Amino acid sequence: MNVLTVFYIKLIINLGLTIGIFLVINHTDLFKKWQQENEKRVFLLGFVILRLIPWIAIFVLTSEEPRGDIPFFYYKAEAALRGGMVYRDFWSYHAPLYAYIISLPVWIWHNSRAIVLFMVLMESGILWLTYQTFKARSDRALQYALIYLMLPAAFMYILVDGQEEVWFWGAVLLIWRYTIKQKTNYEVGIAIIYAIALLTIKVTFILLLPALLVLVKRPVRLLLVMASIGLPAIGFLYWKIGDLFLMPIQHTEQLMTPNLFSVGRPFVELFFHVNEKKSTLINWIGLLFTILVPVYLAYKGRKRHISEILPAIFISCFVCMMIFQASAMGAYVIVYLMAALFEIIDVRKSFHVAVLIALNWLTVGQPFVWVYLGQPAYTSFSMFSNTSYLVEYTLQLLNLSCFFWILRQVYLKVVLHQNTAVL
């Protein structure tokens, strides 16, 4: 099946999922009743219909080969199963333990499809835990859980492409649940969870740490506990492989879309030319804003208990990454999509629903169009005489507008204490 055909099929599936979302929104009372009486049965049915059956249809019945990053994940998992040392014996842009974790499903079933199923199960586990956390605050939590399962971005990036970025939210969810139960002296527990997550997922997760240090009461204690876990791990890696453990950092140098730089590049190029092979400075500038904005929000909300605003700060951190980091790409929406839905979206408001749907369609469609057009870099306004380029650039602008809207909602929630969602 060629790439264009796959894209058209994705659009049809997206349309069906979108219709399903509106149906779920229009049956609020029914979902409230189910949440009280049949939550496990309804959630399980949603998982089977919207995750398990599609996985069987795509990867078993039609024998489609996994796409996206899965072939690379499979290569790493196989190497890990053979006892290879990460970074030395095989490439990896993830944390050191990641390859060994995804090798577990491959050990059970030696097929790349096993990794996709593993990602689906991990996502569903995180969703169930998210639902369990939010249902204490709202009788609409089950409705939101089913809406999430129908979001096109979640469906495509996790079920079809097997992306792991939702694990970031899973780690923060564990921290958040811990702070809900442990109202004081929570720094040690946070540090342990955070350090393990850094060794497990991606180095990108470190972006949340500065804001987290502002939120906690004893930041030095948190850092010391993290160091007690992280430094021995780094020392072990350096002993075994030298500085090869820095490999994940190299992955941040490639320019991607959509982000503020990719949209603003025609204006930037009016003043100076950007050498894509030497774009480190651009990423460092983006990194500065990615850290400073969440830190500012954390500072403004520091008088509130960490459990009140941690999800919002998490969302702000990674939506800022998508806005300001020139190496950020559309798939990163999976990092905070689940959290954003439950934390800042009110499905009773038409505009909220419109932005949610637009965000999902855009983050699924724009990357394909960009790649299909040859990954153009808009270095001149004259390029927009090509209608295809103009359309793709417009998609980037719309994407960026959605990102800024999400950041605004977080600001309203954290700084102005406005409850932007029903949950």
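Using N, Cα and C of the backbone, Cβ positions are placed for all residues, glycine too.
Any TrEMBL annotation is an automated prediction that lacks curation.
Below 8 angstroms of C-beta separation, residues 67, 140, 143, 146-147, 150-152, 155-156, 160, 347, 353, 357, 360-361, 364-365, 368, 372 of the same chain, each at least six residues beyond the ends of the transmembrane segment (6-30), sit close to that stretch. Look at TrEMBL and you will find 6-30 (among others) tagged as transmembrane segment.
Sequence-distant contacts of the transmembrane segment (42-62) (same chain, six or more residues past either end, CB-CB distance under 8 Å): 31, 34-35, 113, 116-117, 120, 123-124, 128, 131, 142, 145-146, 149-150, 155, 159-160. Marked as transmembrane segment by TrEMBL: 42-62 (among others).
Taken from TrEMBL, the feature transmembrane segment covers 97-121 (among others).
The transmembrane segment feature in TrEMBL is assigned to 141-160 (among others).
For 166-180 (among others), the entry in TrEMBL reads transmembrane segment. Within its own chain, the transmembrane segment (166-180) is flanked in space by residues 122-123, 125-126, 129-130, 133, 154, 158, 186, 189-190, 193-194, 197, 200-202, 204-205, 208, 305-307, 310-311, 314, 318, 334-339, which lie at least six positions past its ends and keep a Cβ under 8 Å from the stretch.
Packing against the transmembrane segment (192-216) from elsewhere in the chain are residues 93-98, 101, 164, 167-168, 171-172, 174-175, 178, 186, 222-223, 225-226, 229-230, 233, 248-249, 252, 287, 290-291, 294-295, 297-299, 301-302, 306, 309-310, 313-314, 316-318, 321: each is 6 or more residues past its ends and has a CB under 8 Å from a CB in it. The transmembrane segment annotation in TrEMBL covers 192-216 (among others).
Per TrEMBL, transmembrane segment is recorded for 222-239 (among others).
The transmembrane segment annotation in TrEMBL covers 281-299 (among others).
Remote same-chain partners of the transmembrane segment (311-339), defined as residues 6 or more beyond its termini with a Cβ less than 8 Å from a stretch Cβ, comprise 126-127, 130, 148, 151, 153-154, 157-158, 161, 163, 165-166, 168-169, 172-173, 176, 204, 207-208, 211-212, 215, 251-262, 279, 282-283, 285-287, 289-290, 293-294, 297-298, 301, 359-360, 362-364, 366-367, 399-400, 403-404, 406-407, 410-411, 413-414. According to TrEMBL, the feature transmembrane segment maps to 311-339 (among others).
Per TrEMBL, transmembrane segment is recorded for 351-373 (among others). Away from its own ends, the transmembrane segment (351-373) comes close to residues 3-4, 7, 10-11, 14, 18, 21, 25, 151-154, 156-157, 257-258, 329-331, 333, 337, 341, 345, 388-389, 391-392, 395-396, 398-399, 402, 405-406 of its chain (Cβ-Cβ under 8 Å, at least six residues beyond either end).
According to TrEMBL, the feature transmembrane segment maps to 393-411 (among others).
Within the chain carrying the transmembrane segment (97-121), a Cβ under 8 angstroms from the stretch's Cβ atoms is held by residues 51-52, 55, 59-60, 65-66, 70-71, 73-74, 76-81, 86, 90, 158-159, 162-164, 199-202, all 6 or more beyond its ends.
For the transmembrane segment (281-299), the list of distant contacts is 207-208, 210-212, 214-215, 252-253, 255, 259-261, 274, 309, 312-313, 316-317, 320-321, 323-328, 407, 410-411, 414-415: same-chain residues at least six beyond its ends, Cβ to Cβ under 8 Å.
Within the chain, the transmembrane segment (222-239) has long-range Cβ neighbours (under 8 A, six or more residues past its boundaries) at 87, 96, 187-188, 190-192, 194-196, 198-199, 212-213, 216, 245.
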